[in-house]
């Protein structure tokens, strides 16, 4: 048994904040109430005074690198990193080696996760065989085996007819298509956002329309096919406008952006910081503001981390040779609190919706809720704690965080999943 004392419970934007104790028995919340009787001999007692308790988080877009790239990350190390950041459900992308493009590979990911992961790992299947953009993968069989979405993330499905067929199949199998929107005819060879910083650094730029033209295409295809299109890692103001327009049309489109896109700009790459090389690239302050407004209005539905671990040897090279991507599990909540709550006046309940209710709804799961009889999936957060992101404190096998050296506010101190304590008082136990 676990007893959390003096909890300030935040379930969502619309629920009132409740101050109470939480009693956890086995994997469920047994009781929520005032002054629950303590029994130190039979229960673990956690004092949450001055902290908030909220449902644990879900990430619908991450990379665990297994199989094939275990030197960067694997299912066990990635899951531990996710747990450290408060995530107890994560959806891993199929760009592994071999790719997750068939029933057997989906089964493998699920088997490995059951074997080594302390949290829930859900596989995303590929749209096309081998992620080659030439032939549709086994969408129906992968859905049967447990894939929760399909995506060729890391690559764009450039063939519009193939993408249309993928959307048609996804509709028939009731599975969302997660679209990586990048016109490679426009972005090929690009390193950073096309603009002021690309000009002064001499690095080849990626025009913003490389993202928005594919978003426009996919919205029209989703409208025609009446399919669920999910647009991932949105980075430009034009993209936000297009998604807003699509929702006004009644298109079944959802979208996410990432912590680094709502907090940082292209100026992070001044000095050729390869940890700031991500795809899509960091954009301008105008884009940051448009993304924040999109989150506020509900145009962008949720936050994903796009946790993309890379070995130090793939980052400690010339900028144009460096791999694209940043890790994100362990900093996600703190970045959102620092840049959305502290700096832009978001309600903390809105962050719960962006990290729990909305991503789970997109992939067809009910939200984690702190109510009697529900599964005990929760985090305890110190909203006042300030901490610096340091390489030596990162749990992930790779350390390529764009937030290294930055000071963030709020810290996920304790994580409980299905009644098991994965992290307590900042110490990971899984």
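Including glycine, each Cβ sits where the backbone N, Cα and C put it.
The Zn(2+) 2 site recorded in Swiss-Prot comprises 153, 180 together with one of 233, 260, 307, namely 233. Of the residues proposed, 287, 301, 306, 313, the one Swiss-Prot records at the same Zn(2+) 1 site as 61, 63, 153 is 306. The substrate site recorded in Swiss-Prot comprises 63, 64, 65, 279, 310 together with one of 95, 102, 344, namely 95.
Closest to residue 153 (Zn(2+) 1 binding site) in space, going by CA atoms and restricting to the binding-site residues 64, 95, 310, is 95. In this structure the alpha carbons, written CA, of residue 65 (substrate binding site) and residue 233 (Zn(2+) 2 binding site) are 19 Å apart.
A coil conformation is recorded for residue 63 (Zn(2+) 1 binding site) in the three-state DSSP classification, outside any helix or strand.
Long-range C-beta contacts of residue 180 (Zn(2+) 2 binding site), restricted to its own chain and to partners at least six residues apart, with a cutoff below 8 Å, comprise 151, 152, 153, 154, 155, 156, 232, 233. Secondary structure from DSSP puts residue 233 (Zn(2+) 2 binding site) in coil.
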